[in-house]
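Take a look at the structure below.
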Amino acid sequence: MKMLLVRKFRLLILMVFLVACTMHIMIDLLPRLERRGAEGRPACSCPPPAAAAAPPPRAAPRWPSKHTLRILQDFSAEPASNLSSQSREAAEKAADGGGPAAAARPRRLIAPGAPRPPPPGSSTAAAAAPLAALFQHPLYRAALPPLADGDLLFNVNSDIRFNPRAAEQPEWQNEDNEEFLPTGETSIDSYPNWLKFHIGINRYELYSRHNPAIEALLQDLVSQKITSVAMKSGGTQLKLIMTFQNYGQALFKPMKQTREQETPPDFFYFSDYERHNAEIAAFHLDILDFRRVPPVAGRLVNMTREIRDVTRDKKLWRTFFISPANNICFYGECSYYCSTEHALCGKPDQIEGSLAAFLPDLSLAKRKTWRNPWRRSYHKRKKAEWEVDPDYCEEVKQTPPYDSGTRILDIMDMTVFDFLMGNMDRHHYETFEKFGNETFIIHLDNGRGFGKYSHDELSILVPLNQCCRIRKSTYLRLQLLAKEEYKLSLLMKESLLKDKIAPILYQPHLEAMDRRLRIVLKAVSDCIEKDGYDNVVENDFNTDVNTVATER
């Protein structure tokens, strides 16, 4: 009798297991069946407005609505989807025409539209366009050293052959034997703009000062059709990889905070939000002439049509839901802030974000990751060695690669760059492996900058204060940007107005950059007074440029 009961129990367990497996298989097959029957079926049964013609039927989402709290509404088919009463465009339109929307704007933001520039021959042209005047200054017209074949990341006249889809998506299988040839056999004008950006990278810069391909690439980032979206793995906060119709790719960081919100004073630097507008502003801060930040542009994304409906990432798709305010939301998967409580919500399905152009794939151009010598402890109580040892820089300067070449000066440039933004999160940096140690540092991941405009984090300047070294070109440009006619905040304001989702920075952030610039110059001045000009300022360009720049 006992054996019979044991056998019946085992049989019951086996049947439960088989039923569970069957249900699991059916759940996996259901999305494919859903997709097959999706064509021709409208996504919304709501009748169209009486005055408008009925819209064409839309395909249903890729995966069934069983993964969401309730059926997702397709706001993209509604007239108010792209221009809602809560969107930036509607607010600006109402503000231009007066009314309550214009009267209810207490924020001190940069004006969304720049005034019309005066004619080129007018006497006020220089004053109205400080950015153009800046780029005419000798400091911003100095030529690079002649480039040899070894100074180029890609040799256009070589036999390198690759397809853009294979370059950006290693798992892609080339079924049609299509090839892109960055060789002399085809005109470079026929390449997509992201490829022009890649083949323009050299030992000294990511892109040249006035490369037309960069402006075209920025336009692509905000206008190219998004064909697929996936979550970036391994991140502490949610980031999406977006692929475009021309096979280019970009990293999308969605908006998490409004522009006027400061980082809470009780937040540690390692738990701060990553801000989309900080990524955009960091690219424009290359006014300092570093040209080490990959191109970044802001974009207003339709979460329904441009994320949910095109993603093949089931984990991402399952996190979409509709909020009590009837807005489309999602939260994805990451270490921090990926939960229903920290969901990213559109209005109703529009969301801002930054799109940073991808660097060349690692299979084509390997990059080396370096630990920042002045890396923070990333601990609530512990301090890093540099925070307790005032002579820490002397130890660093005896350690490769900082004991020779220009790497220590690159660290000083990065220090100035981060201090102007208030970015404390620079734990590692990257360089292109092909160029060895004689190349620039790539300024990646700037999302934790511009968090506080009312506080200057002086600990970011410790590398400069300890080492007392700076490039002469950097020092002269900082002095130039401190002058009234080339004021950094005015130049940034003008440059940021070019972005599609301007205003980018809250006005106090611009004013904070001017204040921090004066602090940097004071730190360099103190070093010069202590150690002497020649021991602090490293001359990195020829005498002719130096003489003209100093006289102006």
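The backbone N, Cα and C atoms fix where each Cβ goes, and this holds for glycine too.
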(message) In TrEMBL, one of 38-63, 168-193, 298-323, 454-479 is tagged region 'Disordered'. Which stretch would that be?
(response) 38-63
(message) Taking only same-chain residues 6+ apart in sequence, whose CB is under 8 Å from that of Asp445 (ATP binding site), what do you get?
(response) Asp425
(request) Select one residue from Ala357, Leu359: among these binding-site residues, choose the one with the most other Cβ atoms within 10 Å of its Cβ. (result) Ala357
(message) Return the count of C-beta atoms lying within 10 angstroms of the C-beta of Glu274 (ATP binding site), excluding that atom itself.
(response) 25
